Every structure is written in C-alpha cells, then in structure tokens.
Amino acid sequence: MGNPPADGDEDDPDAETDGGLRAYTVRLELVDEPGELLRALAPIADNGGNLLSIHHERGNITPRGHIPVQVDLECPPDRFDDVVEGLRGAGVNVIQAGAEHYGEEINVVLVGHLVETDLSNTLSRIEDEADAVVLDLSLAAPEGTGGISSARARLAIDSGRSSEALAAIRSIGTDKELTVVEPLLGGDA
Amino acid sequence: MKLAILGAGDVGRSVADLAGEYDHEVVALADSTTATVNPNGIAVDDALERKVGDEALGPGVPEDVFEMEYDVLVEATPTTLGDAEPGFSHVKRALEADRHVVLANKGPVAERYEELRALEADSAGSIRFEATVGGAIPVLSTVEDCTPQAVTAVRGVLNGTANFILTRMAAEGLDYEHVLAEAQDLGVAEADPTFDVDGTDAALKFVILANVLADGGFSLEDATVEGIQDIPGSALDLAAEDGRTIRLIGEATRDGVRVGPRLVPENGALAVTGTRNIVQIETRNAGSLHSSGRGAGGPETATAVLSDVGRLPPL
C-alpha cells in the first residue's frame, strides 16, 4: 500500500465491483502555521486518495485555537483506512473521518465532577456506547479540577441516530452522576 | 354568567376584579376560611379591600358558596399534588350539581384527569382549564382549534422563574445561587422556589398538555423531570461558545412528558428571556405554531379564566 495513485485502482477488481471509488469527508484540525495544510494533504495522495475539495475554514477557529479543515476525497473503500492512518501517522489531528457515516453533529454539555470521574474515560465511553466521534471539546473548571466543572462536546453521529446516541449518553451520565444537558431535537427549535 | 370564585389569591382576586369588564357577575368569593356571597352580585371592591387588609372576606364560610345559584365555579385555590384536594372535590361538587367549572388550579387536571372527564360526562356542565397552562397565552385553545389529534407535540418554556434565572446567569455570567437570591429580592422567585427550579411546576403543565393530546393517561409521576439547580454559570458560557443557550424545556407528546435543561439556539424561538413563556405547537399538517407571552400573574391568568367562561355554552 502507499504508492498507487487513485487512477491506478482500475486493476483492483473488488473496488470495481463495489462501484469503484467512493467519496469520503475528513475533518482535520490544523495549527495555524505556514505549510501545515500542504503537510496535511500529502498523506492523502500518498495513500491512494484523490482530492475533491478542501474547505479551509480560516477565521472559524476552534475553542483550542486551531483551524478546522474539511477535505472531501475519493478512494476505493478498502483504502480509506490507510488514508486516515497515513494522516494520523503524519501527526495530523483527524477529528472526523467517514463518508455518509457520520452525518449529523450535535452538542451536549456535561456538568459535574468531570475531572475526578475521569473525563477521558467518559469521552471514550461516549464514542463507544453512543457510536459517536468527539469533534471538539471545551472544558470550564472555574472551581478547579476538584469542583463542579462543565464540558461542551460537539459530536458527530450517524444520520437519524440522534435519539439513540443521546439515550446512550444519558445513561453514561446517570452512571457517572453527571448532568447531561442535551440539545432539543424535533420541531424547529 | 354568574361566577362563584373559590380561592382569593392573585388569580381569584383578579378574576373577581375583571369579571365586570367581561359582563359577568360575581355571586360568591371565598378564601380558605371565609366567604362573601350575594345572589344579586357581591360588592367586589369592598371584598378585595378587606382581603388586602387581612380581614375576613365576609361573614360567610366557604361552604356557603355551594348554596348559591351560580353558572360557573372558578377553582382558583392553590395547586396541590397527589389527590389534588380540596380542588378536586370542589370541581366534583359543581359538576354533580350540573354547573360549569373553570380551573386555574393545575392539581386536578394534572393528577386526576380521567376522573374529571368521567364526572364531566355525567354532568350538564363542562370543564375548561386554559389558565393552568401558560397564563395569558392561549395554549389549550390553540390545541383545541388544531384538534388535539393533529398536534404531534408541544414544547416550550412554561416556568418564568426558572427562565429568569437561566437568562440572568447567561447574561451576567453569574452562578445559580446568586441569581436566585436576586430573583427573590425582585419578587420573581418565591421564598421557597423549589417547585419552579426543580421542574415540578413546568412538568404539571406539560402533563396537562399530554392529557389533552392523549385524552388522559398521565400524572406527574409519569413525567421525567430534571431541574436547573445543578447548572453552573460555566455550562451556559460553554453553550454560548457554539451559539446556544440553556433553557428549562418541557415536551409533551402522546408518548410521554419530559422536562429538563436543554440546549437551544441562542437566537431561536424557544430562547425567550426573563419571565416570558413560549410554547411551540407542532402540528401534523401545518408545521409549528409559536405563542409567547406572560405565563403568570394575577390579571394575566384571570384573562385566561374569563376567556374560558366566554367559551362555555349556556346551561
């Protein structure tokens, strides 16, 4: 793996029967320094991906002070994991990777003893049990890490699965004695 | 119509005060221990003056009210939970005497809806209770106009105290305890604000809505209720990073009732500020309707009571 460019996929029978190339979207988070974008795109081409579009959201800085970049690309389905691994291997922060897989974004706010109850475990459980990807996280702990703190997480979830994902997050909240402030779904709230 | 009013708090007094404007006559007004009755209409101003001066409303006792010739019993005694007494018995007595009843008291409609409807079915009188949900905002009559079957959900903010607290916390970056104390100083929150901030008051209103949508089946214990006491100022700050804010939102559908703090778009319809209330009525064929206004207060709630009186058929 690693060398054939996108149009070299024609000799891959599986990809052909599968409809050949498929479109994917990856969201990356880049440090605002010259050359970062180029460095981030190289692993895509190197792993057989074909760039379709790049949406470089300058001016829309994430709470951590980074720049979100959305890249649409196409590649055979069996190459996509290599593309993502290539990006991660190059030290690029991939915050979302998938095709139509993660179609919706929701925000939740968690309140409670977040640090003492192991925030990173809480987030892994959300990813596993709610089948979500944490795109972004902000933490506010005005009382220090031992007190009540709040965290806002932006999550990518499968289209049409918001209710199930929120039910799973609710139950994690109950487990860990955290208050979960959910978005209001439905209607045009 | 001849009105007999039980309960002389803000709402009962305002109904008595405004009844004349709506061409109705007050023949009885009672608080928990005293009453004034007159088949030709009581002197409302004098009675209200005595009430405000902490005197007896009149020489009578509440029992006297039921001896009067009246068309509509206005039940405006304080909301009680569980068996919803004595409100429920008041309604029962009036319906069994083939009189109409208009409730401002949420207890009986939230906790004993099916029993009320059964009593109404055997009576020449009807019950109405617009004032129990959202004060001056015409919520139930809007649902009635859309027909309850065509309404798929009702959502919104129906507690002004909790909304005031969340609004101030978000705007000033203050914590819950600080804003609660301020709300109490301003008279927006009661000395014991528990029912407002723990979501019970909002839940009662959404239970009533669910009962109307599903024609019964719900009481407070069927509702999932969370309050705002545990929401720190930092949670509102984080919500604002993403253009959102937190409101105590209720939802009623035919499947259930849920009240809790929720994230809503900062500039969205449901993010009303201060003590304002709002409901979003989601319909099957006509999208969503929104109504916003004052959800509490004596004269405001009295207008809902008097509108109900106006919708009653002659006996």
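Placement of Cβ uses the backbone N, Cα and C atoms for every residue, glycine included.
The domain 'Aspartate/homoserine dehydrogenase NAD-binding' feature in TrEMBL is assigned to B:7-130. Summarising the annotation, TrEMBL assigns NADP(+) binding site to B:GLY7, B:ALA8, B:GLY9, B:ASP10, B:VAL11, B:GLY12. Under the heading NADPH binding site, TrEMBL lists B:LYS106. The domain 'Homoserine dehydrogenase catalytic' annotation in TrEMBL covers B:138-309. Annotated L-homoserine binding site per TrEMBL: B:GLU190, in sequence order. Per TrEMBL, the feature active site, proton donor maps to B:LYS205. Marked as region 'Disordered' by TrEMBL: B:286-315.
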Pairwise Cα distance for B:ASP10 (NADP(+) binding site)/B:GLU190 (L-homoserine binding site) [Å, integer]: 14
Other residues, Cβ within 8 Å of B:GLY7, B:ALA8, B:GLY9, B:ASP10, B:VAL11, B:GLY12 Cβ centroid (NADP(+) site): B:ILE5, B:ARG13, B:SER14, B:VAL15, B:ASP31, B:ALA76, B:THR77, B:ALA104, B:GLY298
By a 10 A CB contact count over all chains shown, which of the binding-site residues listed here is most packed: B:GLY7, B:GLY9, B:GLY12? B:GLY12
All chains considered, the count of other Cβ atoms within 10 Å of the Cβ of B:LYS106 (NADPH binding site) is 24
Tertiary neighbours of B:VAL11 (NADP(+) binding site) (same chain, Cβ under 8 Å, six or more apart): B:ALA76, B:ALA104, B:ALA131, B:GLY298, B:THR301, B:ALA302, B:VAL305
Between the Cα atoms of B:GLY7 (NADP(+) binding site) and B:LYS106 (NADPH binding site), what distance do you get, rounded to the nearest Å? 13
Can you tell which of B:ASP10, B:GLU190 has the most other C-beta atoms within 10 Å, given these are the binding-site residues? B:ASP10
Between the recorded positions B:ALA8, B:LYS205, where is the Cβ count within 10 Å the lowest? B:ALA8
Binding-site residues near the residue listed as 'active site, proton donor' (Cα-Cα within 10 Å), from B:ALA8, B:GLY9, B:LYS106: B:LYS106
Which residue counts does DSSP yield for the region 'Disordered' (B:286-315) in the helix, strand and coil classes, in that order? 14 helix, 7 strand, 9 coil
If you measure between the CA atoms of B:ALA8 (NADP(+) binding site) and B:LYS106 (NADPH binding site) and round to the nearest Å, you get 16
For B:ALA8 (NADP(+) binding site), just give me the three-state DSSP call. coil
